[in-house]
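Q: Below is one structure. I have some questions about it.
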Amino acid sequence: MTENNFNFFNSLATPLLNVFLLEDDRQLITGSTDGQVWCFSLSVDHKCRLVTKMDIQKMEKRHQMQHEAVSQQAGVAEQSAVETSKPVIKMALCGSSADTNIDHKKDNSWFCIGSYDGLYVVDLATSELVTALYFKDYPILSITMAGSWSVSPGSNNSMLVLLSSLFTPNVVLLELYLRDLGKMWAVGEGFSVFPSAPPLLDSPLKVELKKKEPSHPKKKAGIKDQPLVFHTKVKSSGYTSAPRMTMFSPKTNVQKNSSPKQSHKKTGLLHRDYPADSAAPTIPCIDLSIASKQVSCLQYSGDGKQILCGLGDSSVFLYKSCLAGNPAVYLGHDKPVSSVSWSLSRQWWLSASEDLSLRIWTHCCSEPAIIMGNTMFSRPIKGAQFYYLDKFLLLASGPSLYLYLYNVDNTRDDIKRCQQRSVVRQAGCFTTSATHVTTLSAINDFFSYIVLVCGSDRSIQVFDMNKGTVASELPDAHSRAIHCITQNKGSAFSTQAPDSYNLFLTSAVTDGVKIWDLRTLRCVRRYENHVNRCHPCSSAISPCGQFIASGSEDNCAYVYDIRSSTYLHKLPKHSDTVLSVAFHPAKPELLTGTLDGKLRLFQSSSGSHLSHDTSSAGHSVPNMTA
């Protein structure tokens, strides 16, 4: 290892006191006199990557805010206000009694920091304080300020801590049981995306849309057979055609097939099953410029054959997943498109815009089947999607969460072309505690009662739509308001463990990406190697559940292993900030969208047999759908 790898420490104002090496994870942790902790990953080429930076005082304040019932004492606040620093005297690894269930094994990411005033147990995966043991809370101890620490593992899942006093000739030996620390960290009973009981009788999910029965109007007496039609073509009566001379001509040379041949449907480049052991998609194969403004959102169809692109120029592009050929362009919004969503049946899709409107589109039609205009909402629509196996439309506007029943009618009346034949009816409205909802997420691929709602107050609210109430709330989930939330939904081509579907991601400006476990209602890992200072860069989970992709403002996309906080691959050479990322549901591919309106497709190294021909992808975009 060369000295240049650590040159940035030369610019620090305070000296380093302690260094700790995690051999299994190949990570190096350093601590300074002012309570700053840095964690680096050591790669094979001996280059160091900064994984996370922690401040003991800031972690302590967040811990006190989130656990007011545990530590809401005046003494703690006064001590935090008086003390200027918490020097890192000693660091040691301690086993975690909590199971993140990401890799179905225990993740020993807890380590302890010994300082002047006590012992701090930190979760390295989340950069959060698990608990703090202060000397002042234990009057039986003869030490008020520690001068030195020594930590070693004990028996029966415990730690032995030997410490000496700073001002008095006292030495104390402590035994800490990790299971007790785990009880301090427990936050109560969690939830699951899978229903444990059928819907209640008065559940909002039991509401049905009454469909109108077709009415047969009575025939009115009047002038019949009017020479007025509303069609472009009229079938000829046959009076001007030549008389038919040959009435019957038998076929005598008909060839019979000896055996019926089975038809083999072309499946293109789709796999029957998503390759679970495939490498992350890192090889660029297609670069495509589609607009002059940002690609706000991307979503693949469930079968992986098409991709929706919501753009900043108020249009929606519908591409083939291979990005070949001209896209279908759907116009109608007046402001940038904020979200797009496919229905589970893939018969229609929706788009929501900053112009306070939502539109539902169908195949082969340039006009929307449903328009929910600006008279229905006073705030921009956030997180619009289909919900509960396409039964409902789920969206948020302002501080409210809306549930709509709908019926898409594709029939057209040539006389009343402007009249909408589809039906939309509100099934429920739920108010959140925030000033406005920033984003939301729910699973549509199977029945699920859980809806995750993020607010402007930096909170995450867990809605139980079976009861129509807030089941739980996570305050101060990020330091800024969450702009992206993504659940681990898998795909129809992949299979994951049932518990894996309880994981979800959140992204916030300046606060990285966090992965949460719905069963424990706590953050289990943090990813912050990418750059996100001002733009709403999105994140996504691969269908196999092994990788996380995130946009970044350094013109790169980052791919993380879900089990590690350091990035696995950095995908450079984008032309601008990467705003949108989306994984292909059927094969290991990653699509990125940038701030300047460009798409870039990445494939896996194990999928080199897929087509790399980009000649058909270079084209001009038409202005409207034919």
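Here the Cβ of each residue, glycine as well, is placed from N, Cα and C on the backbone.
Annotations per TrEMBL:
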type     : residues : note
REPEAT   : 330-361  : repeat 'WD'
REPEAT   : 571-612  : repeat 'WD'
COMPBIAS : 605-616  : compositional bias 'Low complexity'
REGION   : 605-626  : region 'Disordered'
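Show me how these features fit into the shown structure, please.
A: Counting residues per DSSP class in helix, strand and coil order gives 0 helix, 17 strand, 15 coil for the repeat 'WD' (330-361).
Long-range contacts of the repeat 'WD' (571-612) within the same chain: residues 269-271, 274-275, 277-300, 302-304, 307, 309, 311-312, 321-323, 491-494, 535-544, 547, 549-553, 555-559, each at least 6 residues beyond the stretch ends and with a Cβ under 8 Å from a Cβ of the stretch.
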Q: In the repeat 'WD' (571-612), how many residues does DSSP put in helix, strand and coil?
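A: Each residue of the repeat 'WD' (571-612) counted once, the result is 3 helix, 20 strand, 19 coil.
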